[in-house]
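Engineer: Submitted below is the structure of interest, expressed as structure tokens.
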Amino acid sequence: MAVPTFVDQVSLHVAAGRGGHGVASVHREKFKPLGGPDGGNGGPGGSIILRVDPDVTTLVDYHHSPKRKAENGGHGAGSHKNGAHAADLVLAVPDGTVVKDAKGNVLADLTGAGTEMVIAQGGRGGLGNAALASSKRKAPGFALLGEPGDEREIRLELKVVADIGLVGFPSAGKSSLIAAMSRARPKIADYPFTTLVPNLGVVTAGETTFTVADVPGLIEGASEGRGLGHDFLRHIERCAALVHVLDTATMEPGRNPAEDLDIIENELSRYGGLEDRPRLIALNKIDVPDGRDISDMVIDDLRERGLTVFPVSAASGEGMRDLTFAMAGIVARARAEKPVTEAKRIVLRPPSADGSDAFTVTETGEGWRVRGEKPERWIRQTDFSNDEAVGFLSDRLNKLGVEARLVQLGCQEGDTVLIGDPDNAVVFDFKPGIDAGAEMLGRRGEDQRFDEQRPAHGRRKAIQEALPDRAENETRADVARRLDKPETYGPKAYVVGSSNDPDWAENDPDA
Ligand SMILES: Nc1nc2c(ncn2[C@@H]2O[C@H](COP(=O)(O)OP(=O)(O)OP(=O)(O)O)[C@@H](O)[C@H]2O)c(=O)[nH]1
Ligand SMILES: [Mg+2]
């Protein structure tokens, strides 16, 4: 089986690294048992970056391994140790790579050496408890989780970037011309469609150095996909100028250079978008006696049509110098009009991810759905096994105004609230306006607002509090029985809404 060496379209799955988790830790040393929180932050995950590298001319690497993943960030540790930043994964792509999403929408057109696109952003690292400490919350018993990195399916399509494109019928001598003008050594043979993929040659004429693309031969119907047609026409889209290579020595009955030109021009105009490109005509193979006769016959006609025509021979080199200098002239003029593309950096973020405070609340059949960059990010950062972390989440949401909006829209206590996208939402029971804050904090990792929902914990505390006032002969078990109340804890019983204590979230990086 032939192994492809030139690939100009690939699908690629990219997954950035996840951020490391922050850690909750308390500094301990001799004579200083509670030295304050010292849990470090998680490091960010590696991003995936596409970078234009002029030495890369094909997408073949991605054809062979179409899945790319960047490293995860390191987790934080005690003693204020932050997790390692994961290295970004840089994927080299050819100049002229068009990036599309899975649906075929163009995301970016990467041209110019060094142009970069962050196609998948690494997840942020979670904050450790040292960074989350505030004047009221001196020793948070929780840390934030690292966020997952972006993951997406993309398509890469190469549109060769060359200054000049050679177009013409198969066997007209396009590859022979590029071989005669440059150091490129494309395959040349006397059968049609020798060239299956574009070849690039670098040509120097006088002061100007430019690139020439030799694309597979065109035939009538190419714009509708006949021959290798359509697939390769896009490789001449970016050329500043076109050179028609016309075969003066073809043995095929019914063909002559002027008609060949009309057929190719017709295909180009049906493909569209190339009308404004200046053209030169090369009448090739004049070393063949019949070829020179034919050339002499048609050259005046073509010139009368206002075309710039060069009789040449790729085989003998005759006329080649004039042709290459004319090509250099067109290129120099085109460059003077349009400055070279400078390297740029494009960062791809979903439209919602603009760092804004915007969020939406909609009532759905399942409950109240909250969408927004921050609420959704905060959900991902929350360790739901830690009540204090969930309390922190509640306060962040509240501070953003999520609770107020829910109340305003008529959300009632006990209603279901879903935060996040439909496939992956976190479900809450709505419980507005609970007054709490740092003053009410209990042990590390606990939040008293959950006592009602966490009966074992609440009950233990209630019993503890009732003990001093118990009757003379009442045992602890008696108190427990006396205080027993029906269980209210259910799997969906997180609380949205909380205090309005601004200090609570004073170190919130997002607030
Ligand atoms: N005598 C003569 N033969 C030539 C000249 N240029 C090309 N040829 C011959 O014409 C045939 C086709 O040349 P190629 O350069 O492969 O033509 P092409 O236009 O690249 O053809 P495709 O790649 O099939 O589209 C080969 O046998 C070449 O040797 C020329 O100037 N003189
Ligand atoms: Mg060829």
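Along the chain as shown, the residues are counted starting at 1.
Backbone N, Cα and C atoms are what each Cβ position is placed from, and that goes for glycine too.
Bear in mind that TrEMBL entries carry predicted annotations, made automatically and left uncurated.
Below are the features I grabbed from TrEMBL:
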type	residues	note
BINDING	168-175, 193-197, 214-217, 284-287, 313-315	GTP binding site
BINDING	Ser175, Thr195	Mg(2+) binding site
COMPBIAS	443-455	compositional bias 'Basic and acidic residues'
COMPBIAS	467-487	compositional bias 'Basic and acidic residues'
DOMAIN	4-161	domain 'Obg'
DOMAIN	162-332	domain 'OBG-type G'
DOMAIN	351-432	domain 'OCT'
REGION	443-511	region 'Disordered'
Engineer: Just to verify: the residue among Ser171, Ser175, Thr194, Thr195, Ser313 with the fewest other Cβ atoms within 10 Å, which of the binding-site residues is it?
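Structural biologist: So among Ser171, Ser175, Thr194, Thr195, Ser313, the binding-site residues given, the one with the fewest Cβ atoms within 10 Å is Thr194.
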Engineer: How long is the line from the C-alpha of Ser171 (GTP binding site) to the C-alpha of Thr195 (Mg(2+) binding site), rounded to the nearest angstrom?
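Structural biologist: The separation of the Cα atoms works out to 9 Å.
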Engineer: Based on Cβ atoms within 10 Å, give me the single least packed residue among the binding-site residues Lys174, Lys285.
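Structural biologist: Lowest Cβ count within 10 Å among the binding-site residues (Lys174, Lys285) is Lys285.
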Engineer: Filtering Gly168, Thr195, Val197, Pro216, Lys285, Ser313 (binding-site residues) by proximity to ligand 2: which pass a Cβ cutoff of under 6 Å to any of its atoms?
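Structural biologist: Thr195, by Cβ distance under 6 Å.
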Engineer: Scan Ser171, Ser175, Thr194, Val197 for binding-site residues whose C-beta lands under 6 Å from an atom of ligand 1 and note them, or write none.
Structural biologist: Ser171, Ser175, Thr194
Engineer: Which one is closest to Ser175 (Mg(2+) binding site) in space, judged by CA to CA distance, out of the binding-site residues Thr194, Val197, Lys285, Ser313?
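Structural biologist: Smallest Cα separation from Ser175 (Mg(2+) binding site) among Thr194, Val197, Lys285, Ser313: Thr194.
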Engineer: DSSP secondary structure for Ser171 (GTP binding site), reduced to helix/strand/coil, please.
Structural biologist: coil
Engineer: Name the secondary structure element type, per DSSP in three states, that contains Lys285 (GTP binding site).
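Structural biologist: Note: Lys285 (GTP binding site) is coil by DSSP, not helix or strand.
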